[in-house]
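Novice: Annotated GTP 1 binding site per TrEMBL: 7-14, 54-58, 117-120, in sequence order. What TrEMBL records for 192-199, 239-243, 306-309 is GTP 2 binding site. Taken from TrEMBL, the feature domain 'EngA-type G' applies to 1-165, 186-364.
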Ligand code: GDP
Ligand code: GDP
């Protein structure tokens, strides 16, 4: 689920964004050569998780020059988002640019939540009434700086988010339901920067005859879900590549890619992240952003280094060194399969399928509590968490939580004193015993 914050520069979008995603590190997407940086981060409210995108601050503050561009960004955000938060500024009042955006937003069929910002006191509250004139209903008044009113906005967002289940119904262009999508099939998504070979891989796997399963209701997305059923493997393959061919402007393209990737990742079980071997050491900031999204969403991951054929003078260790280098960059979570492919030469393409399905199985693996304790308690006894301020920390037992992704709870007398290195120590022991390759693990310490 994607919530986009739109509005002209300086209304306070970033301030609200920071408040919404809280302490969680936001991902900054400062695409080189563009006029803005964009932030996106994951958050939750009343148990609903969603991704927030701040469409960005401009490095140059001239509304005249950028008006057209800003409106185009708003259009993209609207297309891709599930809910749009439209922010205006009570200090300045309604500007031409606010009007222009409101005109776009009034035509939209998605929920739009208008937020009047900088309402820092009750006198300003009165001024917020002028925004009714934008024709977007009753505005929410907030002070993003102090946080007052932002809880109500979060309530409204969660209320407006479409029901997750509704998305699983496939419809045709007229909006008629054609079939219920089989939600139990594994969902495997291919992501990566433009030109790494996503389309080529998808085409190689599916052949020319694609079985298109789900044009999803009410969205304009052209990421296509295809049905794969060969050699004993069955899953839905989500292709995020198609969009590139349609977009001309580079900056729009990046924005589209980011939004598509976020949505596709959220809807996947396993994400195949493609990198280009011919492109230096393979991982750039954009790739790291994608990888962090995968990890934050707790999805399975397989890394595919494509165009291996273009790497010259390969030695025995070339692949291993390449993989080691990538793992160093991905740390701390780097227990990820890395496969070197040449899609054009049909090298190791099926290994990608096997690996993705293995990760899918790993992600479902549940260790019975007795087995887990038999294994882990002796290890803990031998290497207990270090005492803090003379207090002994005792872990009594562990169990897996009934969550859709692998999560372990350790019951402890003083959970607050367990530090990250010990968490990693336990995680590594678990990974050494059970195959969780490709799966982010969560480890919680709870009071007994
Ligand atoms: P953006 O360009 O829309 O992302 O706007 P920013 O979040 O960067 O905020 C622009 C300016 O408005 C900054 O100087 C903020 O400190 C200020 N600002 C943001 N929210 C509030 C608020 O609730 N009240 C007041 N008085 N100022 C605010
Ligand atoms: P996408 O934008 O990620 O979907 O990338 P495409 O699948 O469209 O591929 C971009 C270009 O890279 C095309 O010209 C492909 O033929 C080429 N390409 C894809 N895979 C390989 C590969 O394994 N080796 C080489 N040499 N070229 C490849």
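Every residue gets a Cβ built from N, Cα and C, even glycine.
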Novice: Relative to the Cβ position of residue 198 (GTP 2 binding site), how many further Cβ atoms are located within 10 Å?
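Specialist: Its Cβ has 24 other Cβ atoms within 10 Å.
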Novice: Pop the Cα-Cα gap between residue 192 (GTP 2 binding site) and residue 13 (GTP 1 binding site) into the table, whole Å please.
Specialist: 28
Novice: How long is the line from the C-alpha of residue 119 (GTP 1 binding site) to the C-alpha of residue 308 (GTP 2 binding site), rounded to the nearest angstrom?
Specialist: 56
Novice: Please identify, among the binding-site residues 195, 198, 240, 308, the one with the smallest Cα-Cα distance to residue 55 (GTP 1 binding site).
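Specialist: When the Cα distances are compared, 240 comes out closest.
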Novice: Are there any residues at least 6 positions away along the chain from residue 195 (GTP 2 binding site) with a Cβ closer than 8 Å to its Cβ? List them or say none.
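Specialist: Expected: 276.
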Novice: Across the domain 'EngA-type G' (186-364), what does the mean pLDDT come to, as a whole number?
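Specialist: Taking every residue in the domain 'EngA-type G' (186-364) and averaging pLDDT yields 81.
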Novice: Just the binding-site residues from 10, 55, 119, 195, 198, 308 whose C-beta lies under 6 Å from any atom of ligand 2, please, or none if there are none.
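Specialist: If the test is a Cβ under 6 Å from any atom of ligand 2, the answer is 195, 198.
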Novice: Among the binding-site residues 10, 13, 55, 119, 198, which have a Cβ atom lying under 6 Å from any atom of ligand 1?
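Specialist: Going through 10, 13, 55, 119, 198 in sequence order, those close to ligand 1 turn out to be 10, 13.
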Novice: Based on DSSP, name the secondary structure state of residue 7 (GTP 1 binding site): helix, strand or coil.
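Specialist: Looking at the DSSP assignment, residue 7 (GTP 1 binding site) belongs to neither helix nor strand, so coil.
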Novice: Of these binding-site residues, 10, 240, which scores lowest on Cβ atoms within 10 Å?
Specialist: 10
Novice: Identify, in sequence order, the residues in the chain of residue 192 (GTP 2 binding site) that are 6 or more apart from it along the sequence and have a CB within less than 8 Å of its CB; answer 'none' if there are none.
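Specialist: Correct list: 198, 273, 274, 275, 276, 287, 290.
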Novice: Cα-Cα separation of residue 7 (GTP 1 binding site) and residue 240 (GTP 2 binding site), in Å?
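Specialist: So the Cα of residue 240 (GTP 2 binding site) lies 27 Å away from that of residue 7 (GTP 1 binding site).
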Novice: I'm trying to understand the geometry here, so how far is the Cα atom of residue 308 (GTP 2 binding site) from the Cα atom of residue 10 (GTP 1 binding site), in Å to the nearest whole number?
Specialist: 46
